[in-house]
Each structure stands twice: as C-alpha cells, then as structure tokens.
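*Asks:* Here it is, the structure, as structure tokens.
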Amino acid sequence: MKKIKDLMKHPLFSGSAIMFVGSMGANAINYLYHLIMGRLLGPVEYGILASLYSIMYLISIIPSSASVSIVKYISSSKSINVYSVYSEINKFIFKISLIISLLILFSSKVIANFLNIDNLLSIILLAPVLFLSLVTLVNQATSQGLIKFVGHIVPNLISSVFKLLLGIFFIYIGWSVAGAMFAVTIGALFAYFYSFNFIKKHISKTKLRKIDIMPFIRYSAPVLLQSLAFTSIFTIDVMLAKHFLDPFSAGIYAALSTLGKIIFFATSPVTATMFPVISKRISLKQEYKKIFFLSLLATFAIAFVITCFYWIFPNIAIGVLYGREYISAKTDLVWMGFFILFYTLSNLIVNFFLSIGKLKIVIIPILAALIQILVIWTNHDSITEIIQISFYTTLTMFILLIGYTGYNLIYEPKRL
C-alpha cells in the first residue's frame, strides 16, 4: 500500500496522469475534428486541409522548438528569476512569431501553387493561426517548466473545442476549407487569452533582473534542428503526397497520416512529462536513468498496441473513423502504424538526451529527415511507396539511436 502511495506521489506518475488525461482529451477532440472534417469535406478537400496543417506544424518549428528550452530553463531557474526569464523569452518569441506570420502572408501564392490549392484565403489564414499558437506556446511551456501541467493542457482543450464546433458550423454554411481554417483561428485566440491569464496567476511579478538569454538561444539551436527534423519526418510526407499524387490519393494519404499520428499523440504525454522531471533531477544531481527506461517502456507499449489494432482491424479503423470513401487505404495502414511507432520511440530517445544536455544526438534525426525528403522526391509513384520510404527511414533512425543510447548509458560509464 505504501509503495502505491509513493508511486502516486511520484512526479513522473502524477505529472503523466495530468498530461495523459488532458492530452488525450485534446487529442480525442482533435481527431474527432479531423474525422468529421474528412467526412464533411471528402478526400479531395480534406487533402487540402491536411496539407495546411502540415505547413502549420512545419513552420511553427522555429519558435516551438524553443518550448523544450523554455521548459528546461524555467524548471531549473531559481524562483526569484522565473519572471525575468519568462519576460525575456516571451519578447524574443513574439518577434520571431511576427516575422514568420508576415512571411506566410507574403509567400501565400507560392505555397498555394506548390500544393495545388486554388483558395488563397485558406493559406492567408495560416498567418494569424501561427502567430497566436506560437505566443500561446510560450505560456504553455512556462507552465510545464513550473510543473503546472494544467496551464499546458487547458489551452489545447479550448482551441480543440472551438475549432471543432465552429468548423462544423462554417462548413455547414458552405465555407468549406476556409471555414475550417477560420474556426482554427478563433480557437487559437481563446486559447491565448486563457494561457496569458494562467501565467499571470502563477508567476509572481518580481523586479526584472538582467537575464542573458544567449545560453537559451545556444541551447535552442540544436533543439531547433531536432524539432525541424522530427516535424519534417511526419509532415513533409503529407505535403509531398499533395504535390506529387492526384487529389484523391493525396486525400487518402492525409487520412492515413492522421490515423498514424494517433500513435504519436497517444504517447506524447509520457515524453512531455519525462523531460522536465529528468531536467530537474539533473540539476539536483539525482538518479534519472530509471525514469527514462520506464518512459521508453510505456511509450513502446502504447504504440505497439495501437499498431497491432491497425494491423488486425484495418477495416474498422478506417471504415468507422473516416467512412467507406477512404476504405482503399486499408492495405497501407499497418505500414503507417510501424512508421509512426519507430518515429515515436526515436523522438523519446532524442528528447531524453536533450534533457541531460547531450546535444550531438540531433545529427541522427537531421540526417533521417534529409534522406526521407530526397528519396520521396525521386520515388513517389504510389501511396505505398511513400509510406514505406518513411517506415525504413524511421526504422534505421531508431536502430542508430538505440546504439547511441547503449554506448552512452551502458558502455561509456563502465569504461570510466
């Protein structure tokens, strides 16, 4: 009984519980959103919406990669410095977010041409969505660094609910993909208001101290490359499918990608909780390897169960969730499942090494992302071919990361 109580008090358990319940709630709404959008829009227009989401994921990498650094620096800061650290980082990310949003506006025609999208408004709406999401992200990452996981989770729930309900309404009145994007914009606005008020309540305003954010920026650079690599791996395939495949096949691929991402988002609370807990233990010179191995085991278990379901029941997974229009995707679903399974495990391993300050690890996912783009660009005849290229890329990346992990955690300490 005492062991159970101790387990429940453990920060990895309690934090994971909050992150898991909240993230699963937000992810469930997000997937309901994609499933409903897929049914309401049909494969062709849903392919457009999914490619827009891929752009959002990809472009938001630059500021969002800073979220890992924010968590690390907030979680290891002395309480008297937290407000000063938050203020400096907030100003820095605000400027970057503004620049990115303006670049989106100016390059909207180029993006539309590459993705074969006729409706320019859908592209233009990416700008305010990205700006609001990125400034909200600073507040969420700060909450996570303070181990106040509610402040990280609730904005996601707010954004998800608004974009679902308003998205259905706007499509119902005939606004199509542009309506879905407008709903996302409104949801992002309300999420920002909540996150801003949450931070005001949980960070005491102290006298601003001179904070040198250059260490933050230097740490963010390899994290940026890591985020760029991992986000590219599970978004660039959708964009290239939209560019190279016919509109119907691109929509089918988008549905497969969304189903695959269920694996990643179902396991993401474990990684999100592991990072600040290990970072804190490192700063206190406490043992941390056990937390990593538990996190890896939990991530594998969740990912493997979902992948097996896709393997055994592809008709149910696709037919029930997306409808018969998408049923031709069933033969490729298991490939997508294993692609994201190895992607998810690789992501957790890299995040672990970043949390303990070993930054050279980012070289492996960067190479994997570049290889994936190059091979898909030259080989893209079918949905199956694109997915299998991504699968073999992430499998190779995982094998290399396991070798790196074994050397750093087992062989090297023994040698010393």
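Numbers here mean position along the shown chain, with the first residue as 1.
Positions of Cβ are set from backbone N, Cα and C atoms, glycine also.
According to TrEMBL, the record shows the following:
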- 12-36: transmembrane segment (TRANSMEM)
- 48-71: transmembrane segment (TRANSMEM)
- 92-114: transmembrane segment (TRANSMEM)
- 120-141: transmembrane segment (TRANSMEM)
- 153-173: transmembrane segment (TRANSMEM)
- 179-199: transmembrane segment (TRANSMEM)
- 219-240: transmembrane segment (TRANSMEM)
- 252-279: transmembrane segment (TRANSMEM)
- 291-313: transmembrane segment (TRANSMEM)
- 333-354: transmembrane segment (TRANSMEM)
- 361-377: transmembrane segment (TRANSMEM)
- 389-410: transmembrane segment (TRANSMEM)
*Asks:* Contact between the transmembrane segment (219-240) and the transmembrane segment (361-377) is defined here as three or more C-beta pairs under 8 Å separated by at least 6 residues; is that satisfied?
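*Replies:* Yes, the transmembrane segment (361-377) and the transmembrane segment (219-240) are in contact.
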*Asks:* Is it true that the transmembrane segment (12-36) and the transmembrane segment (179-199) have 3 or more Cβ pairs under 8 Å, skipping pairs fewer than 6 apart in sequence?
*Replies:* no
*Asks:* Between the transmembrane segment (179-199) and the transmembrane segment (219-240), are there three or more CB pairs that fall under 8 A, provided the residues in each pair are separated by 6 or more in sequence?
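*Replies:* By the criterion, they do not touch.
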*Asks:* So if I exclude everything within five residues of the ends of the transmembrane segment (179-199), which remaining residues of that chain have a CB under 8 angstroms from its CBs? That is, six or more out.
*Replies:* 37, 41, 49, 52, 86, 121-122, 125-126, 128-129, 132-133, 135-136, 139-140, 142-143, 148, 150-151, 154-156, 158-167, 169-171, 173
*Asks:* Same chain, outside the transmembrane segment (153-173) by at least 6, Cβ under 8 Å from its Cβ: which residues?
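*Replies:* For the transmembrane segment (153-173), the list is 18-19, 22-23, 25-26, 29-30, 32-33, 36-37, 40-41, 133, 136, 139-140, 179-180, 182-184, 186-188, 190-192, 194-195, 198.
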